[in-house]
Structures are given as C-alpha cells and as structure tokens.
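A quick write-up on the structure given underneath.
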Amino acid sequence: KSCCKNTLGRNCYNTCRFMKKPRKTCSGLCGCKIS
C-alpha cells in the first residue's frame, strides 16, 4: 500500500505502477512512502 501526501500523489503513483515501474521508483517519483 502506498502512502501519498495527497490525491495527486496517489494518481501519480497509480499511473506509474500502471506503466509497470517498480514500487520504489514510483514512490520516490511521486513523493509517496511505501508502508
């Protein structure tokens, strides 16, 4: 589960994951923390 600061971050993360990128990459890119 990703812990993003806001909806924008969550959308960013989901889009990134949809493009088959690693969780770590997406969380860093979108300012999210992996919990």
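Using the three backbone atoms N, Cα and C, a Cβ is placed for every residue, glycine included.
Annotation comment: Swiss-Prot describes C4-C32, C12-C30, C16-C26 as disulfide bond.
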Around the Cβ of C12 (disulfide bond), the count of other Cβ atoms that are within 10 Å: 19
C12 (disulfide bond) in three-state DSSP notation: helix
